[in-house]
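Asker: Annotations per TrEMBL:
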DOMAIN    14-164  domain 'RapZ-like N-terminal'
BINDING   G20, L21, S22, G23, A24, G25, R26, S27  ATP binding site
BINDING   D67, I68, R69, S70  GTP binding site
DOMAIN    172-292  domain 'RapZ C-terminal'
Amino acid sequence: MSVSSEKKVQEPLRVVLVTGLSGAGRSTAMKVLEDHGFEAIDNLPLNLLDLVIGGQPRRRPLAVGIDIRSRNFSAPPLLEHIRELKKRPELDVSLVFLDCSVDVLERRFKETRRRHPLSEDRPLKDGILAERLLVAPLQARADFAIDSSDTTSADFRQNLTSLLGLEESGVMTVQVMSFSYRFGVPREADLMFDVRFLRNPHYDPHLRPLSGKDKVVSDYVREDPDFSSFASRLKELVIPLLARYQQEGKNYLTIAIGCTGGRHRSVALTEWLGSELDSVWPQIIVAHRDMDKEPDRYK
């Protein structure tokens, strides 16, 4: 079943802020949220928090990882930030705190040979205890708390998804997205393909105002001598990977296809690949991130 990405979502944008002790599992939590369709941003400077959350409309929920290494980190102003964000009706904000025992954290840091951010000039245990004091106000005000001391990776994932009410649907959602390299590559992309080598309809004045969704433009792109071989190999590469990614526990996979303007070639390829995958996979979303961003450019 094909799902349109252009439906307007009335629900508030979900924002999950993930914080806690270094080594308690923040990176793992961010990966779990990303697999559930969240756009994940880790170690975001606090002065950019409002900018990221209050930017252009998003189709996907947002997960932000914050720890003591985040620039300008301080628990009191962060909590004030969160209080203000929770007052906004267009947002659904929650704070997740990840805890862990000192003994387990010591073992994890020694096993991985990573340096604790506060142990450069003091013993590891002292650094862990110092960090616990710094983040204690966050722990006290957290909406959800998880202690990762005695949990396996699978248990941690289950605990997090259960607390946040995230359903394990059993079927991975695959998003095929076109984009313009001029506006940057999609951060959420798992697989990315550059189709700027294909013939460009932009230089045909009759095709320029149209998009890759129009048949005449799609036909023009398909007439490129390398289109058939590339498209065939792309399909042969992607289809076997879908089941493998789902076996790894991903709930959301983004395949990004880019061209210069994000209006003609990448859109045509995205429409084609989305149609091909729709016949073999039950949850396909087709999205065109930048297709309509510069209407004056294509007059």
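Using the three backbone atoms N, Cα and C, a Cβ is placed for every residue, glycine included.
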Asker: Within a 10 Å radius of its Cβ, which of these binding-site residues (R26, R69) has the fewest neighbouring Cβ atoms?
Answerer: R69
Asker: If you run the three-state DSSP split on A24 (ATP binding site), which class comes out?
Answerer: coil
Asker: What does DSSP give as the helix, strand and coil breakdown of the domain 'RapZ C-terminal' (172-292)?
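Answerer: Secondary-structure composition of the domain 'RapZ C-terminal' (172-292): 49 helix, 25 strand, 47 coil.
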Asker: So what sits near G20 (ATP binding site) in its own chain, CB-to-CB under 8 Å and at least six residues off in sequence?
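Answerer: For G20 (ATP binding site), the qualifying residues are R26, D67, V96, F97, L98, D99, C100, V135, L138, Q139.
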Asker: Looking at Cβ-Cβ distances, which residues of the chain lie under 8 angstroms from L21 (ATP binding site) while being 6 or more apart from it?
Answerer: L98, D99, C100, L105, I128, E131, R132, V135
Asker: Where among the binding-site residues S22, S27, S70 do you find the Cβ with the fewest other Cβ atoms within 10 Å?
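Answerer: Lowest Cβ count within 10 Å among the binding-site residues (S22, S27, S70) is S27.
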